[in-house]
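As annotated in TrEMBL:
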- 371: active site, proton donor (ACT_SITE)
- 65-298: domain 'Orn/DAP/Arg decarboxylase 2 N-terminal' (DOMAIN)
- 300-398: domain 'Orn/DAP/Arg decarboxylase 2 C-terminal' (DOMAIN)
- 88: N6-(pyridoxal phosphate)lysine (MOD_RES)
């Protein structure tokens, strides 16, 4: 059965209802989903480890409570912009199913990603094929299954679409005039039409009798300067008018792309986006707005637990080997420029105080399991004394982690298990008003430890700073 977005009506602020919607959805229904709201995430991770002696492999916790909270924040902050989750960020089926249940749509970049979404029962009209340069077989597949919206930024792509999917609606992808070069991953160098290319591209589509129904852009992944949105939205309106002057049907879709994080940068971006749309598009009564959030939905709901498989002491330096690393989930250090946080869970060496509260810390190096020296997670990080079969817990590990992992040396991210759970998060009200839900923060212990570790290990501008040797781990 196909799921249509109109089938779901998630009231803003209804966290409990959102969780119930996910738990009752076709893919999730019948699966074990733990309630973490009482004891918190750290306790839940401990219970997974202690209840099964054979649990030594790395594993993830996916918190559906956070997914609901993020969807609620999106619909509150950008109520007229439909989210199309960027599957490339994290294609975990459990996450995709949760977003689908809440009414989210999907940004797919390949045949395989489209197949993954359709397999959940999501209808093809909830998918945008958001890849400006597509392979022939992928275009033909999109045509066969009815995915009828895509992006382009070259004449060659127009010809490919005319030949293999002539009924597809096209969005012209623009290069942002002020691309955020401070973004973690700027994309303007690879994709997006330059100003002088816009008119020839519109004319090429017109000659090919292809329907250009709107504009798409992307200011960069994890963008930090919201001004890039305003200038590009203005350029989009100019392109709408240019197409009309050419005699093309009036465009009616504006795709603001992705790159959003879930913190204060999102709040700033939302304000700028709404203001720019009001300024430049208030006269467009039939305008359809869409965005492509990836890390916004994926990053914070996932927590990774990795087992310490080996240790070594060299003077004052402590060295630890984990069963996940740079070629696995931590590839985000290289490809996504991530600054990771590791929290100790000494389930084996310190059962009375597994979070190591109040214990001394030492300068530590942490390695992944492969034979490559590049497989180094931390070179200078403060951790308490840990032993083999203790654990390190990594919060906020859902964005561009397993999706870009490999099977180098036989260690595969596809072997990592994801445990499903839900918390009852307290929502921040709009503009600091009363929270929308007075539930318990399931991750209180994790957040407290995260703050402590950040103080110990992060210097200014996100650089790693060495805390004093034997500093106290103050959870």
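Any Cβ shown, glycine's included, is placed from N, Cα and C.
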Other than its own, how many Cβ atoms are within 10 Å of the Cβ belonging to the residue listed as 'N6-(pyridoxal phosphate)lysine'?
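I count 20 other Cβ atoms within 10 Å of it.
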To the nearest Å, how far is the Cα of the residue listed as 'active site, proton donor' from the Cα of residue 88 (N6-(pyridoxal phosphate)lysine)?
28
Per DSSP, how many helix, strand and coil residues does the domain 'Orn/DAP/Arg decarboxylase 2 C-terminal' (300-398) have?
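Helix, strand and coil residues of the domain 'Orn/DAP/Arg decarboxylase 2 C-terminal' (300-398) number 7 helix, 43 strand, 49 coil.
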Along the domain 'Orn/DAP/Arg decarboxylase 2 C-terminal' (300-398), what average pLDDT does this model show?
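94, rounded to a whole number.
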Please work out the number of neighbouring Cβ atoms within 10 Å of the Cβ of residue 371 (active site, proton donor), leaving out its own Cβ.
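Its Cβ shell of radius 10 Å holds 8 other Cβ atoms.
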